[in-house]
Each structure stands twice: as C-alpha cells, then as structure tokens.
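TrEMBL annotations:
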type	residues	note
TRANSMEM	B:12-34	transmembrane segment
DOMAIN	B:58-260	domain 'ABC transmembrane type-1'
TRANSMEM	B:62-84	transmembrane segment
TRANSMEM	B:91-115	transmembrane segment
TRANSMEM	B:135-159	transmembrane segment
TRANSMEM	B:198-218	transmembrane segment
TRANSMEM	B:238-261	transmembrane segment
Amino acid sequence: MKNLVKAIIAIAVVCAALMYLVNSLDKTSSQGGTDILTVYNWGEYIDPALLKKFEKETGIQVIYETFDSNEAMITKVDQGGTNYDIAIPSEYTIEQMKQKDLLLPVDHSKIPNLKNIDEDFLDLDFDKKNEYSIPYFWGTVGIVYNPKMLKKDLDFTSWDQLWDPSLKGEVLLVDSAREVMGMSLNSMNLSLNSTDSTELNKATDKLIKLSPNVKAVIGDEVTQLMVNGDAPAALTWSGQAADMMYDNEDLTYSVPNEGSNLWFDNMVIPKTSKNVEGAHKFINFMLDPENAAQNADYVGYSTPNKAALKLLDPEVIHDERYYPSAEVRKNLHVYKDLGKEKIGEYNELFLKFKMSLQ
Amino acid sequence: MQNKRSGSLTLVPYYVWIALFVIAPIILVGYYSLLDLEGNFTFENYKNFLTPVYLKMTLSSFWYAFLITLFCLVVSYPAAFIISRLKNKQLWLMLIIIPSWINLLLKTYAFIGILGQSGPINAFLSAIGLEKQQMLFTSASFVFVSVYIFIPFMILPIFNSIDKLSPALLDASRDLGASRLYTLRRVMIPLTMDGIKAGIQAVFIPALSLFMITRLIAGNHVITLGTAIEQQFLVTQNWGMGSTIAVFLIIFMFIIMAFTGEKRKKGASRRDKN
C-alpha cells in the first residue's frame, strides 16, 4: 500500500513538472506581439534559412509551427486561442475559411512584390482579386511510376492506362475522394468539379472496373512504398512525387493529357493575427524573386513567381513534370468547394468503390 | 468490508462518471443520428444505412471480427494454459503484456516494414530461392496483424481463470478415467468459461470498429464500420450519418454483451462455492 501511494505521488510530481515546463514553453511560443510573427505552415514546406534572413532584415522574431492537414489547420484556427499571423492552406480550405469569416483581407499596397506573380495564378475562382490570399506554391495531381517495374511499356499520357490489364494488383491510390473520383471523371473527359449525379455514378462504375488493378488505397505511406519499389505506379500529388523521385531515381511523373487537378497553397492572414503589419512584410518578403527561387529550390514544388523562375536552374523549369506545358495546363482545373452535400455524395460513391476492392 | 451507507456514498463518483461519459454521449449520438446536414430532423440516415453498401460493410465487419476473435482464442487458450503451469508465470505473462504498452500505430507501421516487398520476410524468401510474396494489403495480413495486437487482451482473462482452476480437479478427472480431451471438454473449458467470455468481449467488440489498420495494413481492401465512421466525421463532416453508423455499432455491442455476459454471474457464484 505504501509503495502504491509512493508511486502515485511520483507520477503526480512528474506530471506537474511537465505541465509547468509545457506552460513556460507555451508562453514563449504563443505570445503574439508587434515584433513577433507566428507562421503556421505544412511540414517541410519552407527553407529555414529564409526565416533567419527575414528575422535579420526586419528584426521581427519568427515563431514557426506546422500542421499536416488542411482540416487540422482550420479546426485549430476556428477554435481560437491561437494567434497565427500567417497560414498556408490549400485553395478549397481558403474558400471554407472565407465562409467561416476566419480571414483578414490582404492589403495589396503593402505587397509591391505581388507584381512578380504570374497572372495565370491570380484572380482565381476560389479567391477573386486575391482579396484574402497570395499564391505560395502550386502543383498537379498525376501518376508517379517506375518504368523499370512495368511489365508493359506505359507512359501514362492517358488516365486509361491505369486500367491496363498488365497492372493487375499493382496500382496505389491516395485515400481521398476528390482525387480518385476526379481522376475517373477526367479519364472520361468530364469535369472534376462535376455535380451531376449521373456523371458521378458513371465515374464510380468506371472506378469499380479499376478495382482488380488496385493494390491499395492509402495515405502518405505511398511515398515510402514507391521509394522502396513496392509498387510500379501510384496516383499522387506532384509535390509528393518530387519527394519520391528525389529518393528513388528510377521514378518519374506524368500528368495525363485528358486533364487533371491543379492545386494551390496560398498565404493567408487568419483573423486571430496580432501582427498584421508583420504578416504583410512576410508575404512581401516571400514574393521577392531571390527568396522565392531559394525556397522553390529547397522545397521542390512549383513556384508561381515568374521573376523567380529566371533565377532557377533552367533544367528544372523546363521539366514538364514540374512545370507542365501551356497545352497540358489548359486541361488542369482547380477544385471548387462543392458544398457539404455534394462532397458527401463524392465520399459515399468513393466508399462504394472501396467496398468493391477484394 | 464496508457498511451500506459509506458504500452508497463512494458510489457517487461512479454514477456521475457513468452519467457524464457513458449515458450522455450515447444520447448525443442518438440525437445526432436523427439530423441531416443542415441540422433538420430526418430518418434519412437510417434509410441510408439499410442500403446494400452499409449492410455489406456490416457483414464484412462481423466476419473479420469473428475471424480475429477465433484466431486470438485458438492461440491464447493453450498459451495461457502453458504459462499458468510455468515456474515464473508472472514474468512470462509480463513478456506477453509488454507489447500492448507500445502505441498501436507504431506497431502497425512496424508491420508495414516487416510485410513489405523489401521487408525481412520477403528478403528471407528470396534468399532461400522462393518467389517474393505480396503480403501487405491483403485481408490475411489484416487478420494477422489484428490478432497480434489483440492477443494480450485475450490471454489475460483466460490466464486469470485458468490460474484459479485447481490442478486437483484435472487430476481427479484423469483418475476417474476421463481422457485428456474429455477432461478439457467437460472440466477445464466449462470452469474457465468466464475468462473465455471476458476475452471474447475484450477482442470482438474493439475488432468490430477497427479502423486505421484497415487502411495501413489492408490498404482499404477491408472496410469496417469503424472506417466508415471515421470518414463520415473527418472527411465528409456528415455527423448525422457517422452517428447513425455508431448507433448500429452500439446496438450490436449490447447484443454481444448480453450473449457473453449473462451467464457469467452464475458461473462465478458456482466457482465461488468450490
């Protein structure tokens, strides 16, 4: 009994000590103010040297935190108690944040470097006139594949090649309704923002025909599996594909001609910001051609900054895997927020497809 | 040990706990299951559940939970028996329990490495000249990993009931001419039934709502009710439908509890007399 009491006291003491430690750490990290800027970004999505440079140039101290999904980010901002000055969500999440009134408008007069951004990436449907968001990186959805492992000579210039019988039990898909349904819709030259139930059912029927070829429907683990050579082909995002290709040189990436998804991650200023001035400085700093080029070089995604492109390795910017030709780009479409009901329908149909896997 | 008054007083925290964390959530789940996306009252979710997609999912959830429980039992019963006859039984028991202290997700990720094309099993197969096998993303690997994860929960209650069983009873049965098999069937299993039932409860019910592993190990080749709930809440944000699936899951669980729990009291009192 005495030992038990001792053990309980010991656990309580350790907990109290940890609580104290966490609290004191929290105080230093979430105390927003005029000379502190809190940046909330995806993991591995910025060159840390740039944060140092920004601190040196402006004297503003940067606190950097990361998230791993748009949903986690929006929940945290929505619940309050945070004071992020900059967040970098994807386009459909920006639409949601606008609806929920979680964003502050961006003052363009404070961001002269906005002129460096390619006009193709401005004034898009999810944020007309870029009232709330400034482009950070962009990319596509496509197929990453390992030519050495393919039994047949496929180049994935068409989505339909995924249905090829030689790929039986070999294809990896991301566990995301929009991407997989969008792929099927695109393969039939339909819009990936389709809200027509007949079209969606047709897309599902076509997906069910794909099920013999599907090895697995998974999340981020796809990176490791492709790098290890567990599968010859996977549906994935260009950025993730870039990571895989960096670790395994046999891999390559293709965006099929029928069209695909074009996505953006944009910088926004959440309503909870305590340093709006600093946030504008940060956005302007990141749009500086030299900084944007350095960042793109480090992160490996495609930059929307046309002035920065000139500073990048010509080999990279002429690589159509990262910077698709104008012809391919014409067929790329941005996701629209389809509303809860349609998203529900997409997910129900996607579930039906997953049930067909055996 | 305690008089009645202090007994009922000490029960207050228990009742508060049950009301707050068991009754209230169940009522909330029931309430949400009657709401559609806009928060209007509807039975649409229940109608939706009774369509082939969800019924098939329910069936496959039960089938896999049954397989997982069966294999757990087949492995655990002899293991618990052997451990109970060993010299350092507490130590051996400890060794079986320790893996359950490790986070479920970590163990699952470890299995991705072990079962993968470049994992040790396939390396061994190709070293002895056999063809590499696709093990990851099959329903067999899903059952295997789940059984591994649940075994400690099955062994513990069975071990406890076997440990309490007096060896003299088994000896008596043998002396009176019963064969080994007959002794097992008529003496040992009935007397350890409580442990078996507790073990089945501890495995079958969580197995019914497994998720994560269905994606990580089975690559969504296995879809359980748990997977569907996760998707409804996190991706679709359709709390109504998610709650409806949860309501059915709760009903199933009560049915199972009724089946495996009812006779337990009788069994316990009978053994107490021994």
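Each residue, glycine too, has its Cβ placed from N, Cα and C.
Keep in mind that TrEMBL annotations are predicted by a computer and have not been checked by a curator.
Comparison of B:62-84, B:135-159, B:198-218, B:238-261 by number of C-beta pairs under 8 angstroms to the transmembrane segment (B:12-34) places B:238-261 first. Outside the transmembrane segment (B:91-115) by six or more residues, the chain places 79, 83, 121, 135-136, 141, 145, 148-149, 151-153, 155-156, 159, 212-213, 216-217 with a CB less than 8 A from a CB of the stretch. Taking Cβ pairs closer than 8 Å, the transmembrane segment (B:135-159) reaches residues 64, 67-69, 71-73, 75-77, 79-80, 83-84, 93, 96-97, 99-100, 104, 107-108, 111-112, 115-117, 121-122, 192, 194-196, 198-200, 202-203, 206-207, 210, 213-214, 217-219, 221-222 in its own chain, all 6 or more past its ends. Sequence-distant contacts of the transmembrane segment (B:62-84), counting only residues of its own chain at least 6 positions beyond either end whose CB sits under 8 Å from a CB of the stretch, comprise 92-93, 96, 139, 142-143, 146-147, 150-151, 153-155, 158-159, 162-163, 195-196, 199-200, 203-204, 207-208, 210, 222, 224, 252.
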